[in-house]
Amino acid sequence: MDLLNALVALTNYVMIPAVAYGSQLALGALGVTLIYGVLRFSNFAHGDTMAFGAMTTILVTWWMQSVGINLGPLPTALLALPFGILGTMGLLLFTDKFVYRFYREQKAKPVIFVMVSLGVMFMMNGLVRFIIGPGDQRFADGERFIISARDFKAMTGLREGLAFKTSQGITIITAVVVVVALFWFLNRTRTGKSMRAYSDNEDLALLSGINPERVVMYTWMIVAGLATIAGVLYGLDKSFKPFTYFQLLLPIFAAAIVGGLGNPLGAIAGGFVIAFSEVSITYAWKKVLRYLMPENLEPDGLVQLLSTDYKFAVSFMILLIVLLFKPTGLFKGKSV
Amino acid sequence: MSETVKHSLMFAFVGLLLILDGTTSYGIFSGSWNSSLGILNMGLVSAIMALGVNLQWGFAGLFNVGIMGFTALGGLAVVLVTSAPTPGAWSQGGVGIIMALILGALTVVAAVFVTKNMAAGKPRMLVLAGILIGGFFAYRAIFDPAVSGVEAINPALLGSLGGLGLPVLLAWPAGGLLAAGAAWLIGKTALGLRSDYLAIATLGIAEIIIAVLKNEDWLSRGVKNVVGLPRPMRKEIDLQEDPGFLDTVASLGLDPVTASTLYVKISYSLLFTAVLLVLLWMAQMALKSPWGRMMRAIRDNEAASEAMGKDVTRRHLQIFVLGSAICGIAGAMMTTLDGQLTPGTYNPLRFTFLIWVMVVVGGSGNNFGAVLGGIFIWFFWIKVEPMGAGLINIITSGMADDSALKLHLLESTAHMRLFTMGLILLLVLRFSPRGLIPEK
């Protein structure tokens, strides 16, 4: 019984939150990695792109809620998501046309692109704050739990409850669907193959008649989709605040680099590595250990390795370790 | 018009803006010398930060987005150097904290030693894991009780180790040293890899430094802030009670309150200008020296410089540490100017990316450009808000007073700043990538 209780507590406080957070990070890191693979720069505006996508979705959600459209037990935001994606696609294609294309034609150095993305980040950040304000926004509706802690206790008779939030369930399912669709697109379709070819070897791809502008356009559109989905899922699961999205940049970059920049599979793995380490290092293990240890050996303290305020430090430490020992990432990314 | 005249005119223009701000209250100008000098002082600090970043970016092409962290470390140095030691803190746990930190450092050193000296394989992994896990728990075992001991001392007012109680001017170089140490650690890991990695690593270290300042109460009182830090000159209150000062003010026909604040602000301006001039002179000498030429050669063609026998990674580390030290000095100066350390107010958009706008707009690679950009962009940053408010007022003048859109727009003017700064950065990068005062 104690073992079961420990297992339930572990699932409730570590596994489920980490899987959900990991899926959100993985979707974010996929966007960063695709831009790195095709356009060859680290996009600092990615966090704010996610914020923009989430904001557009929230605005449409609010409108739908006000006219009474809803999805029953599911959050209305899912219905608004396609509009958010379209809006973000528009914004990214616009920035590409008026900002990035110029530097592409100049064949500017990657670091110039990074600087430019800083400017874009500033503008998007200002835009989002201008439209929706810097505060916290809630937009989740529908059923809150798939399984609530009380139901679970009543069902199983265990002392520990297990809560499974709708937002977590949706996050996991959506992430799986999106990743499968993305890999199908990259590996099976003509456009996806041309994207990979362009990413592997630009000159060879150009020689074989791939239109670079088309590849870039599709990349931005896919990135817009990924960023919006990641942003909306994160907002549903936690809450929407522009500055938090900016701060997500660090774990997302860490995930992309840990997995190997430019490698989509690595981005997913990296997302989960970062999420699991963040959650397990900042979780107070006392509860789980209490069930597992004999009574006289129970820990006195919280058995928390690091306080939650240092969760950025965790992703950063992992990043440093990977940079020191395996600069190309766990899966082989682009070379140094 | 020769280049020198043109550039002097630009400096004169910024000076004119500041003078106008002090004298007239037309439009965006405030008409108060207090506000004008306030802008000048922060502008001077920003100019020093821009000088540091220019050293890294303009001379060496290193992309540092952790300026906020180095500035905050400078601020921490002010607290550690100048504030009075907390009575009893050292006996209550201060020693324990230092011992724990030394133990932590030894653990890392031991881990590095093992990594370097044992053959790769399973035994090394096990020894390494043993050292790190054992070291971590030993560290926590000493650290935690010591910290709660220190934080228990009068937490409402003190609750930290306090400082050394030394004069505040000593804190400025100390801030530089602290920032240099952090920069060395980060440079050692991230330099020599792809250029983006340094950017991401510095972005991370800055967030961590702020997190440490916010949460380690024994060090800097965390979000409880440290206020009332000493100043290098007399306080306004003391001046207002000094008969000698009051007589001088009366003979000039000034109000004592205004005069005392002006006295303090002007003292800061002079002090900051002196520091800026010294650093500017040093940066100029470095730029013209063989060392400066080598740095630019490395920036322009790393492969060729390496072939000529230059150790690119070491030179990068060197200049990265130097530039960060300058940011640390500026951070210490800023905390001295504010008289308080408030870790909650450090925001990367303001302390990192705004400095980048200054460097790019001023002209990367040119020290004078960095200084000009620093002061000019700071002036602009302060004035964008009244400008935005004016613009929105014009746009919304046709709308009904209670329209939701108008109210929302008026409320949001504060966020125009970020948008405008991004726009300026993009426009300068696109149409005048060499900035106001280009590199020679």
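Even glycines carry a Cβ here, placed using N, Cα and C.
Just so it is clear, the model here is predicted, and its values are computed rather than measured.
As annotated by TrEMBL, transmembrane segment applies to B:35-55 (among others). Below 8 angstroms of C-beta separation, residues 18-19, 21-22, 64, 67, 70-71, 262, 265-266, 268-269, 272-273, 275-276, 279-280, 283, 286, 319, 322-327, 329-331, 333-334, 337, 354-356, 358-359, 362, 364-367, 369-379, 382 of the same chain, each at least six residues beyond the ends of the transmembrane segment (B:35-55), sit close to that stretch.
The annotation transmembrane segment is assigned in TrEMBL to B:62-81 (among others).
Per TrEMBL, the feature transmembrane segment maps to B:93-114 (among others). Same-chain residues lying 6 or more positions outside the transmembrane segment (B:93-114) and placing a CB less than 8 Å from one of its CB atoms are 124, 127-128, 131-132, 134-136, 138-139, 142-143, 145-150, 161, 218.
Under 8 Å from some Cβ of the transmembrane segment (B:126-143) lie the Cβ atoms of residues 96-97, 99-101, 103-104, 106-108, 110-111, 114-115, 118, all in the same chain and six or more residues away from its ends. Annotation comment: TrEMBL describes B:126-143 (among others) as transmembrane segment.
TrEMBL lists B:163-185 (among others) with the feature transmembrane segment.
For B:197-213 (among others), the entry in TrEMBL reads transmembrane segment.
Positions annotated as transmembrane segment by TrEMBL: B:266-287 (among others). A Cβ distance under 8 Å defines the sequence-distant neighbours of the transmembrane segment (B:266-287), meaning residues of its chain 6+ beyond its ends; these are 37, 40-41, 44-45, 47-48, 51, 54-55, 59, 172, 232-233, 326, 329, 333, 337, 367-368, 371.
Annotated transmembrane segment per TrEMBL: B:317-334 (among others), in sequence order. Nonlocal intrachain contacts for the transmembrane segment (B:317-334), taken as residues 6+ away from its ends with a CB within less than 8 angstroms of a stretch CB, comprise 42, 45-46, 48-49, 51-56, 59-60, 62, 64, 67, 70-75, 77-78, 171-180, 182-184, 187-188, 191, 198, 272, 275, 279, 295.
Distant neighbours of the transmembrane segment (B:354-381): 7, 10-11, 14, 17-18, 21, 39-40, 42-44, 46-51, 53-54, 57-59, 65, 67, 276, 280, 283-284, 287, 296, 417, 421, 424-425, 428-429, 434-440; these residues of the same chain sit at least 6 beyond its ends, with a Cβ under 8 Å from one of its Cβ atoms. The transmembrane segment annotation in TrEMBL covers B:354-381 (among others).
The transmembrane segment annotation in TrEMBL covers B:414-432 (among others).
Beyond the transmembrane segment (B:414-432), the same-chain residues lying 6 or more positions past its ends with a Cβ under 8 Å from any Cβ of the stretch are 349, 353-354, 356-357, 360-361, 377, 380-381, 384-385, 388, 391-392.
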